[in-house]
Amino acid sequence: MKRRKFIQSASLSGLGVVAGSAVISCAESSTSSENKPEKMVNKVSLPVVVATWNVNNATAKAWEQLQQGKSSLDAIEAGCMVEEANAEGQSVGIGGLPDRDGNVTLDACIMNKNGDYGAVVYLQNIKHPISVARRVMEDTPHVILAGKGAEKFAIESGFKPEDLLTEKSRADWEKWKEKSEYKPIINIENHDTIGMLAIDSKGDIAGGCTTSGLAYKMAGRVGDSPIIGSGLFIDNEVGGATATGLGEAVLKTVGSFLIVELMRQGKSPQEACEEAIGRIVAKNKNIEDFQVGFIAVNKKGETGAYAIHNGFWQTRYQDNKNENIPSDFYNKKS
Ligand code: SD4
């Protein structure tokens, strides 16, 4: 069985019993309902949390918030903060790998059910860019704050400045400098930029994306993660999508917005992610050199994931199960 088919059928199985969650039946088969075996009915339950990569602690935190009746926005912030605070993770928050000059610079954004959006780019010395992004959205007339201005705003808002370059990341950077060879790294430790989408029990969708960006990037570089429509997009009528991987490729195709618009036109989250990857593949001759992965969720709580290469994962918390799910991918040679 092809992996995609396997993932689809895996996501359909085990959906019969759902404790304490709303279950939505969304069968699209032409078989008559009397003849339809239970397992053929695509029942999807809410709430749901999905995130890029294997980040069970983050999805568990977000799920906990939803179980306490908090909004999807609260769940997203709390979930993303788990990875930002994890000094072992070298692509998000504290411990993130620095740029070529040794600066850890963070990008993040958050989007709510009303289509409000807040972001920080090139933020230094503040461990929780997702929370600063939320404050930008809620407390300022702007949507993006950058660099020193973002840091000043964060400190004035009560965030504590701290050195984000850990000994391990400093040592890795020192080693990298011996050759100073810049290449985007594919699938860092199965644990990379965190993009997270959540639907709460009211059916409202929110999303967030947080990263230290590409390791050893040029100073001043900003990726897709904090840019609306590229690293993240939410439309509460339709669904949400978020990205990981080489930001330059995602930015040029406005991938997350594309996925949401494709879902609006009737594509499933899986089909929409596949088409967004297809656009990137069609426009880049060097796909061997970089990875991009998308995840998506629609209003019903159906999810999808697709990447250029093998090795991309999503974590999904749904039906009281917190699961790591391998993503299907385009390059079957990888
Ligand atoms: C960026 N998309 O800054 C981020 C990095 C990333 O997996 O996702 N790496 O381009």
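Cβ atoms here come from the backbone N, Cα and C positions, even for glycine.
Copied over from TrEMBL:
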- T193: active site, nucleophile (ACT_SITE)
- R221, V222, G223, D224, T244, G245, L246, G247: substrate binding site (BINDING)
- 1-27: signal peptide (SIGNAL)
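By the rule that a residue counts when its Cβ sits under 6 Å from some atom of ligand 1, the binding-site residues R221, V222, D224, T244 yield D224, T244. Classification of G247 (substrate binding site) by DSSP places it within a helix.
Cα spacing between R221 (substrate binding site) and T193 (active site, nucleophile): 15 Å, rounded to the nearest whole number. Long-range Cβ neighbours of G247 (substrate binding site) (same chain, at least 6 residues apart, Cβ-Cβ under 8 Å): G213, L214, V222, G223, D224, S225, S230, G231. It is 10 Å from the Cα atom of L246 (substrate binding site) to that of the residue listed as 'active site, nucleophile'.
In this structure, the C-alpha atom of T193 (active site, nucleophile) lies 6 angstrom from that of T244 (substrate binding site). The record assigns R221, V222, G223, D224, T244, G245, L246, G247 to the substrate binding site, and the maximum Cα to Cα distance across that set is 16 Å. For the binding-site residues G223, G245, counting C-beta atoms within 10 A of each C-beta gives the highest total at G245.
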